Amino acid sequence: MAGAEWKSLEECLEKHLPLPDLQEVKRVLYGKELRKLDLPREAFEAASREDFELQGYAFEAAEEQLRRPRIVHVGLVQNRIPLPANAPVAEQVSALHRRIKAIVEVAAMCGVNIICFQEAWTMPFAFCTREKLPWTEFAESAEDGPTTRFCQKLAKNHDMVVVSPILERDSEHGDVLWNTAVVISNSGAVLGKTRKNHIPRVGDFNESTYYMEGNLGHPVFQTQFGRIAVNICYGRHHPLNWLMYSINGAEIIFNPSATIGALSESLWPIEARNAAIANHCFTCAINRVGTEHFPNEFTSGDGKKAHQDFGYFYGSSYVAAPDSSRTPGLSRSRDGLLVAKLDLNLCQQVNDVWNFKMTGRYEMYARELAEAVKSNYSPTIVKE
């Protein structure tokens, strides 16, 4: 399996394909070619100083007579943990806060309106270990924990909606842990939260040792810049999960994730892009970067030898549009900020062309699914 030595699919294609072939391959892989954003020089200089990649692309819609363009700039942040996983908890959280603050400041230079961080961004992705301490100490209140207060300041200072995925401790309901994304308005107020609907039980993804499936449904958040939803990590494998956010009105669905190359890298470029097409919305897939080493060996009942790391988190964050176009991915090996300029009018324009909502036959599937979940259900199989 390729680790950090392989930088990106795009770099590989550009290195080995002649230009005419490259253009055709990119047309198939990424849809229509997107215009690169002319981001401020000082933003690139700051990104260079802070050692993270900066890219920007624009998705454009057709000009309309009655509606003005509905422009929003989104920012996707991918990063590695700056300190070893065995560093003191408070030091790790502080280091991650500092790292994210530096990246958000560059996002503000680029005019970003909505920014989203990776899944469980304030900690190592330690759920592979099945150990409780010290990892549960990273859990915080979604409403007024230190990370939420930190993000509220960022949001207010930069007039930016912040999507902050954390490990939540719900003190109002028995100190239960949840995998949660907090949505903070550009006013600095906590707009609400959403929880991970689907919890993996595959390989080293031992997450159900810590938290279970979310209980908040599929909320969509009305922000000044558009309607957004957050489909956390493993939920991207479930088409109905994307569908319900779309049915509830989401125009942009963020997918903050933590996933490794051995398991999912061949799925990664497809799933969020397919969801954007199927649901007439923009999708934003975000993954962390690097290999995280833990103090103690662990196993996962899959026959593999005991080991001390989860695997390689391959980054490659990207944005996909309802017309099937998508940005190139960020690096597989570096921290990065991807800025995308979206015209939300494209959602309705594509809907009018393909009519997936109109032709979806939801009433038929609702009826059949209602029968399928009954204990006495028999599949409809026609036999001779």
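The backbone N, Cα and C atoms fix where each Cβ goes, glycine too.
Taken from Swiss-Prot, the feature active site, proton acceptor applies to GLU119. Long-range Cβ proximity for GLU119 (active site, proton acceptor), meaning a same-chain Cβ under 8 A and a gap of 6 or more residues, is found for PHE125, PRO165, ASN179, ILE232, CYS233, PRO256, SER257, ALA258, ILE286, ARG288.
Long-range C-beta contacts of LYS196 (active site, proton donor), restricted to its own chain and to partners at least six residues apart, with a cutoff below 8 Å, comprise TRP178, ASN179, THR180, TYR211, GLU213, GLY214, ILE232, CYS233, TYR234, GLY235. The active site, proton donor annotation in Swiss-Prot covers LYS196.
In the three-state DSSP reading, CYS233 (active site, nucleophile) counts as helix. Feature annotation from Swiss-Prot assigns active site, nucleophile to CYS233.
As annotated by Swiss-Prot, domain 'CN hydrolase' applies to 72-344.
The phosphoserine annotation in Swiss-Prot covers SER378. Residue environment of SER378 (phosphoserine) contains 8 other Cβ atoms, counted within 10 Å of its Cβ in all protein chains.
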Three-state secondary structure, which DSSP defines for GLU119 (active site, proton acceptor): coil
Averaged pLDDT score, the domain 'CN hydrolase' (72-344): 97
Neighbour count (Cβ, 10 Å) for CYS233 (active site, nucleophile): 26
